[in-house]
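S.K.: Feature list, courtesy of Swiss-Prot:
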| type | residues | note |
| --- | --- | --- |
| DOMAIN | 54-191 | domain 'MPN' |
| MOTIF | 137-150 | motif 'JAMM motif' |
| BINDING | His137, His139, Asp150 | Zn(2+) binding site |
Amino acid sequence: MSKNGAADALKTFELENNIQTIDHDQLFKYDPQQYQQFLQSKPWSKDPHYFKHVKISAIALLKMVMHARSGGKLEVMGMLMGKVENNTMIIMDSFALPVEGTETRVNAQVEAYEYMVEYLELIKQTGRLENALGWYHSHPGYGCWLSGIDVGTQSVNQQYSEPWLGIVIDPTRTVSAGKVEIGAFRTYPQGYKPPNEGPSEYQSIPLSKIEDFGVHCKQYYSLEITYFKSSLDQQLLDKLWNKYWVNTLSSSPIFSNRDYITGQINDLSEKLEQAETQLSHSRSSILDKKKEESLLSKVSKDSSKVTIEQVQGIMSQVFKNSIFNECQTTKQ
């Protein structure tokens with residue numbers, strides 16, 4: 001029963017994240033000479049939006065999610081391995097870094113850089129020729145975007161280590177055996193003013209983080225993410241999933257995320273108070289009414305998100321109860 005449950009959950013995970021199976025292994029081939037020619041041409045220096053797409057292997061995705069979840073409320077950090085094909089960045093693998101994280105930031109010390117250099121040297125000895133292509137870190141409970149510190153880190157790396165990608169994962173908002181909350185970003189060159197773009201997809205950001213988000217949101221852009229796997233990945237993916245599945249079954253988002261849930265409700269309360277204050281002081285013009293509707297719409301979306309997350313947490317508990325407790329009752 002547990003094997004069937006794990007297999008079904010893995011299929012659900014692949015469907016929710018739209019992981020595509022590739023029929024050939026061309027994507028895994030690496031041509032060092034061609035890559036060096038690409039680096040020398042530096043097409044990204046002529047177009048700040050040159051890189052538009054990211055392809056992430058299912059193994060790299062699952063390793064990042066497992067690492068992010070292991071950090072709990074603390075931020076974690078790791079590296080991305082891969083290559084570039086035209087305007088697409090392909091992430092083949094990822095590995096964790098030994099860093100000191102807090103609830104709001106993650107700092108890489110000398111030991112982490114030494115570990116990274118040694119890891120990259122050893123992995124090339126095994127025949128893996130992919131290069132470091134970026135970094136990832138977690139934002140537990142407050143969404144996928146770049147803070148001021150993140151923008152600074154990404155900008156420095158793009159200046160000296162191009163091509164370079166930044167990925168953010170929110171393990172708290174990632175639904176067990178469901179869609180991964182993830183974002184891939186690149187910063188603009190200093191002094192560059194991006195064109196006015198249409199409204200991006202709304203995401204809930206805590207009131208305490210909105211200022212940091214708003215100040216820096218025009219300094220970077222997001223890339224479209226897709227996922228892939230090959231037939232060669234399946235065995236390793238199954239083993240990784242079994243470990244992830246055990247952790248999922250042995251934990252409950254309702255209990256493990258109690259502080260996050262409380263924070264969400266408090267944040268929603270503060271946003272409602274803020275909306276009420278602004279509504280009471282606003283004039284009855286058409287422009288003010290549009291602002292009021294936008295503000296109330298965002299609060300409504302945040303409220304719906306909190307409700308959906310709680311329902312999903314309850315459903316996961318019901319699912320676990322039907323697997324274990326009812327099976328034991330039937331046997332007795």
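Cβ from N, Cα, C; glycine included.
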S.K.: Provide the three-state secondary structure of His137 (Zn(2+) binding site) computed with DSSP.
M.R.: strand
S.K.: With an 8 Å cut-off on Cβ-Cβ distance and a minimum sequence separation of at least 6, pull the same-chain contacts of His139 (Zn(2+) binding site), or say none.
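M.R.: Non-local contacts for His139 (Zn(2+) binding site): Glu75, Trp145, Val168, Ile169, Asp170.
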S.K.: Long-range neighbours only, meaning 6 or more apart in sequence with Cβ under 8 Å: which ones does Asp150 (Zn(2+) binding site) have?
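M.R.: Result: His137, Gly166, Val168.
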